[in-house]
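Colleague: Got a structure here, written out as structure tokens. Questions coming.
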Amino acid sequence: MNGATMANENVSVIFKVYCLTVMTLVAATYTVALRYTRTISTEELYFSTTAVCIAEVIKLVLSLGMLTKETRSLIKLKATIQEHIFCSPKELLKLSVPSVVYAVQNNMAFIALSNLDVAVYQVTYQLKIPCTALCTVLMLNRSLNRLQWFSVFMLCGGVSLVQWKPAEATKVQIEQNPVIGFIAIAVAVLCSGFAGVYFEKVLKSSETSLWVRNIQMYLSGIVITLIGVYMTDGDRVMEKGFFFGYTPWVFFVVFLASVGGLYTSVVVKYTDNIMKGFSAAAAIVLSMVASVILFGLQITMTFASGAFLVCISIYLYGLPKQDTSRLTQKDTNLEDKQKLISV
């Protein structure tokens, strides 16, 4: 019996380590690969709006596949799609809100990584934590403890150090504008915080399947990103083609963007905040190493100090809250016993 329990615990630990490793590699590889595709060439640069659109299509196909697996029957799948997609225009409209916000966020990521180094981007993008925390307090009526608020301010201080004198890359072949890059990250962070909390609120407001909600969101996302392609790059896409400038690396970036979000949404329930914090910190370290090797990043003392503060703050923010309800109950029982003794 004990051996079986230990075996289950070992499997659980191995699976959690697997989740942590994949989440870290996806986060680091995606930003490095995206940066690589946006800075190595200026002659045949692909349209980032089309990449975002294709990623939405792949996410929709993958979600349909997962829903098929979940329903285990084509008849049930058809009935589910009929009920929640074709007969629920209000639900589609509700999920169009995060679709718009996520579309903006994904496009901002391309702009940011076209103007900032990967390591700078990874560190600065962690501002999504205080933004998400604020949205959680306002939209879900949750509270943060003192340690979490302290970690939020520490994170902001670390990002300020990183941006005070940004590390520069010596192997980048295009002109960059760090101000535009930082503005793009700021917009992406705001979008990430709001959309994530909004989607969580929608998920918890009903018992509808996660994959159904994803399908509703990605259907809206495809329409919205197509509108973005037309408004931003419509003339050039008509002239040069939808897949102009695409290379195997670009397709790899699109693949990571598609699988990364879906995979994270699935495995997050098997890990805790501490492990997610370690994953984010490890992604920052891997991005720094990759930036030094691939892009000739010159790391400064202020950048290293800021990145270290951000990693520590992520860990502190993810620490579990102390359950004081049981302590309070024990104290109450102790006081009652003392009163009985004194009587």
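Cβ atoms here come from the backbone N, Cα and C positions, even for glycine.
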Colleague: For the transmembrane segment entry in TrEMBL, name the matching range from 45-68, 93-116.
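Modeller: It is 45-68 that TrEMBL describes as transmembrane segment.
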Colleague: Sort out the residues at least 6 away from either end of the transmembrane segment (211-231), same chain, that have Cβ-Cβ distances under 8 Å to it, and list them.
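Modeller: That would be 47, 49-50, 52-53, 56-57, 59-60, 63-64, 66-67, 70, 80-81, 84-85, 88, 91-92, 95-96, 98-100, 102-103, 107, 199, 202-203, 237, 242, 262, 265.
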Colleague: Of the stretches 45-68, 147-164, 278-297, which racks up the most C-beta pairs under 8 Å with the transmembrane segment (12-33)?
Modeller: 278-297
Colleague: State the residues, same chain only, that lie 6 or more residues beyond the ends of the transmembrane segment (147-164) and have a CB under 8 A from a CB inside it; answer 'none' if no residue qualifies.
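Modeller: Apart from its flanks, the transmembrane segment (147-164) reaches 120, 123-124, 126-127, 129-130, 133, 182, 302-303, 305-310, 312-314, 316-317, 319.
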